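**Q** The structure's right below; bear with me while I get my questions together.
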Amino acid sequence: MPRRQPPRPLLLLSALLCAPASAFNLDEEKLTVYSGPPGSYFGYSVDFYIPDPSTVSVLVGAPRANTTQPDIVEGGAVYHCGWPAARCRQIPFDNTNNRKIKVNGTREPIEFKTNQWFGATVKAHKEKVVACAPLYHWRTLKDSPEKDPVGTCYVAIQNFSAYAEYSPCRNSNADPEGQGFCQAGFSLDFYKNGDLIVGGPGSFYWQGQVITASIADIITNYSFKDILRKLAHEKQTGVAPPTYDDNYMGYSVAAGEFTGDSEEELVAGVPRGAQNFGYVSIINSSDLTFIQNFTGEQMASYFGYTVAVSDVNNDGLDDILVGAPLFMEREFESKPKEVGQVYLYLQESAFLFRDPQILTGTEVFGRFGSAITHLGDLNQDGYNDIAVGAPFAGEDRRGKVLIYNGYSNGLKTDPSQVLNGAWASQSMPSGFGFTLRGDSDVDKNDYPDLIVGAFGAGKAVVYRARPVVTVNALLILNPMIVNPDNKTCQPPGSPLFVACFTVRVCAAFEGQSISDEIVLKGELQLDSLKQKGAVKRTLFFDYHQSHHYFSIVMERQKKLYCQDFLVYLRDETEFRDKLSPININLNYSLDESHFKDSLLVKPILNYYQRPSVTEQAYILVDCGEDNLCIPDLHLSAVPDKDQLIIGEENCVMLIINPRNDGEGAYEAELHIKIPPEADYTGVERNNKALRVLSCDYKMENETRMVVCDLGNPMVAGANFSTGIRFSVQHFENSDFSINFELQIKSSNKINSTSNLVNLHINITAAAQVQVRGVSHPPQIILPLHNWEPKDEPTKEEEIGPLVEHIYELHNIGPSAINNTVLHVGWPVSSGEEFLLYILHIQTHGPLHCQTSSPINIMQINFAIPQDTPELAAFLYNSTISHYIRRREVAVAEPYRRNSAKILNCTNVKCILISCNVGQLERGKSAALKIRSRLWAETFLQRKNDPYTLSSNVSFKVKNMPYKVQPAKLPEGSIAIRTSVIWSTPNVSFVIPLWVIILAIMLGLLVLAVLTLALWKCGFFDRARPPQDDMADREQLTNNKTTDA
């Protein structure tokens, strides 16, 4: 059969598939770190070497290390590292060059040790050590340069004084069809009796195989020159049908007992079997027949990448652990995440296992499950524990190791400790946790330790287990029920006596390999359930504080050590809470400063035992012999009004009646949940029938509350009424009612609350809407002075007198209105003759109008007016002055007939003006002004016939801007009238001119005669008194004298 192209070696796949808890009792401070040559992959494999009970050291594989072998490059090595920390030295398993044969007269190598990855696996069993080179190549055909990775192993015994090579797949007929790509030593383990198990996953077109052999057979009669060697008791699994090609059986191996015959079986991982789902086989060690398989749950998860055996639940039966580091977790519809899994199969009896317990990794690409090791009983609790490697998890992919503790039902699902890699590598991840080995005690403290390899960083780390201390602590309170009236203790420096009680702290310890004396650091917290800043009801007698730190020295195991502390109760006026228990809490920890030895690891408290103890004291209350108050709380409430109208200043008072028909209710409070529409305004204080409570506004979980104190306690038989006032204004999103929730709450344990009262107050909307209007002028008097009709008028004055109708829609309230329709019917013509010719429509406020037909169809020129005084006056409720111009000669009263003919939309043609009115709040208006001209010619043709022109306006409110609507929405209508009447002029007489002249002349003659008669009678002469005559004469005489 022709050879297929050899795949990339499987060893590289195992190493590079993913290229790019809190602490418990593995000590992360006192580490032993071994380092190897850079780039050697030191730490790729590790194990403990215990040739005798008194000697423990560490073996570390470095598969890319250089050795002293001539002409061999990076052949790989195994290092022996002493403990305590000592320098590591290479173990000289093989110091030779490649063996050669003569081909056509030339000596050519028959084996190839360069890059053979010696040290990729290493295992020790007592004084025996086996290390393998799975990429060791062998030249099968002497006349062909081709070579095959058959793999080889070396055995060291007698403290590395004797060595033997073991290459079970090296033969003269090696090829892919056979064992040419075997890679023997890819995995490695020992039976308990010391026999060797070797995995060769590349045999038979990568079907894989497992091989077992006795170390004694390998050593006996070994000769370096004996290249092709067959052992008498060697066992190998054979070739399977072609459907098993590329399965990789032997990728991992382990040994355990599963058939109940006390004879161990071997376990082999087959990560690409079962159509790439992977499986693990239990194989009979006697004849290597297959007994049972466990199959993976997900394709390509690499189920079987690693296997381990441990009695996790300590039932005497071995259990199987399987790693699937490429398992991908799918969460809902999110992208799958590669997190890895570990499966635990608990053995219940021979051939019978439970369904697997599954541990799932948490970090993407962390490769959780790449390594699994049995740790032994790490914390000495009677159950074995395991470690799981996630070599590419953590910060910068430095790697993690997770410790899982066993218990009676398997493994605890959360790790008790997570070890983090401390090294980062620029070229590749450090691989911390890629290989693990446990279940050996290097420091002889009776606790097993752990080795972790970090081949990318060239490190191997030994973690030592810390002794576990289990503390049994308790608190004793005397008395547990404190009588606040029994004041027998006087604190230092205080003249007052207080009630007090004793807190006794007792503790004992035990543990494996613990010193005779340990010291606990303790902290006592009084009333620990009270939040920070709250009043602590009890204080230490000597310190007046609610917490105290102290130490307990315990000199030997299992002996109880106690300390007493005196505690007192504050005065009752200093706190409200009398019912809830007084929590006394003890926290403790180990005083590590007490341990002086720098080499020994310090003990640690048991992770699975809470380092705290709690007890509770109670305050004696007046609640009978059982000190348990059981109230019987009742609550009723009514509002002082049944209905709230939107838009009004709604103030509502809740009249509330709390009642207690049982025993005292402590810290009793009335809780009122306020609806969004309401605001708390206060307590009613002016009604003597209502008790005045102390109330506060609060926010509880974003809920607005009013909380009122009802007493501490609210005594038995309490029954009263109180009034709480609210202002209700915010109705934007209100439904048909608002709801207040009321309840009494207390701190009593039983019957702590009253019935819940839901108080509903109905909400309604109501608005009074008024439409009003005016005509300006109210009447037109014909005929018009100095006006002549024109056949084709172009200016508005040529049509006739101005007529304006003004309409206002006014919301009196209290609620707002929205979406109102306003209609105006306007008498525009009768037959072919115009009546009122519309020039312009003007609006004010949230009003949008349109007409049923065009206006000003004759394109009459007009000036667009601003708000006229009469419109402004109308809108602001002022008196509208009508200035009616009368004809100068028309001074008589208008001529009226008994009745005027009414012209409206019932008998003439009208234009319909439709308006949509927006939201009008209380007291707001919208107005419409129609500016028109009376078509005078139409009426002058009907001389002396009076008319009344009537426009009709109506409105209807469609809805209000609230969720709640009134039963009937406002609507109404009115008519605005303009009268057209005729004047009747007074009769006038013409006087001739000569009559006027004659009348003037006669008048002047009469005036002259009258004047002459009066003069003749002395009417114009002035009579003087005698004294005045004398004075005048004296004055005259004096003047004359002076002149002289």
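Yeah, the Cβs are placed from backbone N, Cα and C, and that goes for glycine too.
According to Swiss-Prot, the record shows the following:
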type	residues	note
TOPO_DOM	24-991	topological domain 'Extracellular'
REPEAT	28-90	repeat 'FG-GAP 1'
DISULFID	C81-C88	disulfide bond
REPEAT	104-165	repeat 'FG-GAP 2'
DISULFID	C132-C153	disulfide bond
DISULFID	C169-C182	disulfide bond
REPEAT	170-222	repeat 'FG-GAP 3'
REPEAT	236-288	repeat 'FG-GAP 4'
REPEAT	289-354	repeat 'FG-GAP 5'
REPEAT	355-413	repeat 'FG-GAP 6'
REPEAT	417-480	repeat 'FG-GAP 7'
BINDING	D441, D443, N445, Y447, D449	Ca(2+) 4 binding site
DISULFID	C489-C500	disulfide bond
DISULFID	C506-C562	disulfide bond
DISULFID	C623-C629	disulfide bond
DISULFID	C695-C708	disulfide bond
DISULFID	C910-C915	disulfide bond
TRANSMEM	992-1015	transmembrane segment
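A description of the local structural setting of each listed feature is requested, covering burial, neighbours and distances.
**A** Secondary structure counts, DSSP: the repeat 'FG-GAP 1' (28-90) has 0 helix, 30 strand, 33 coil.
Remark: C81 (disulfide bond) has Y34, S57, V58, L59, V60, R87, C88, A460 as non-local neighbours, by Cβ distance under 8 Å and separation of at least 6 in sequence.
For the repeat 'FG-GAP 2' (104-165), the model's average pLDDT works out to 92.
The number of other CB atoms found within 10 A of the CB of C132 (disulfide bond), across every protein chain shown, is 34.
In three-state terms derived from DSSP, C182 (disulfide bond) belongs to neither a helical nor a strand segment and is classed as coil.
For the repeat 'FG-GAP 4' (236-288), DSSP puts the residue distribution at 7 helix, 18 strand, 28 coil.
Per DSSP, the repeat 'FG-GAP 5' (289-354) is made up of 0 helix, 31 strand, 35 coil.
Of all the Cβ atoms in the protein chains shown, 27 others lie within 10 Å of the Cβ of D449 (Ca(2+) 4 binding site).
In the three-state DSSP reading, C489 (disulfide bond) counts as strand.
Cβ environment of C506 (disulfide bond): A473, L474, L475, I476, L560, Y561, C562, Q563 lie under 8 Å away, each six or more residues apart in the same chain.
For C629 (disulfide bond), other Cβ atoms within 10 Å of its Cβ number 25.
If you draw a 10 Å sphere around the CB of C708 (disulfide bond), it holds 19 other CB atoms from the protein chains shown.
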**Q** If you measure C169 (disulfide bond) to D443 (Ca(2+) 4 binding site) at Cα, how many Å is it?
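**A** D443 (Ca(2+) 4 binding site) has its Cα 40 Å from the Cα of C169 (disulfide bond).
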**Q** Name the residues of the same chain, 6+ apart in sequence, whose Cβ is under 8 Å from the Cβ of C500 (disulfide bond)?
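**A** Long-range Cβ contacts: V482, T488, C489, F541, L566, V567, Y568, L569.
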**Q** Could you measure between C629 (disulfide bond) and C695 (disulfide bond) for me? Cα positions, answer in whole angstrom.
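**A** Each residue's Cα considered, C629 (disulfide bond) and C695 (disulfide bond) end up 25 Å apart.
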**Q** Can you tell me which recorded stretch out of 104-165, 170-222, 236-288 has the most Cβ pairs within less than 8 Å of the repeat 'FG-GAP 1' (28-90)?
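**A** The stretch I would name here is 104-165.
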**Q** Provide, as an integer number of angstrom, the distance between the C-alpha atoms of D449 (Ca(2+) 4 binding site) and C153 (disulfide bond).
**A** 27
**Q** State the Cα to Cα distance, in Å, between C153 (disulfide bond) and N445 (Ca(2+) 4 binding site), rounded to an integer.
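**A** C153 (disulfide bond) to N445 (Ca(2+) 4 binding site), Cα-Cα distance: 34 Å.
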**Q** For each of the disulfide-bonded residues (C88, C169, C623), count the other CB atoms lying within 10 A of its CB, then report the residue with the highest count.
**A** C169
**Q** Just to verify: the residue among C562, C910, C915 with the fewest other Cβ atoms within 10 Å, which of the disulfide-bonded residues is it?
**A** C562
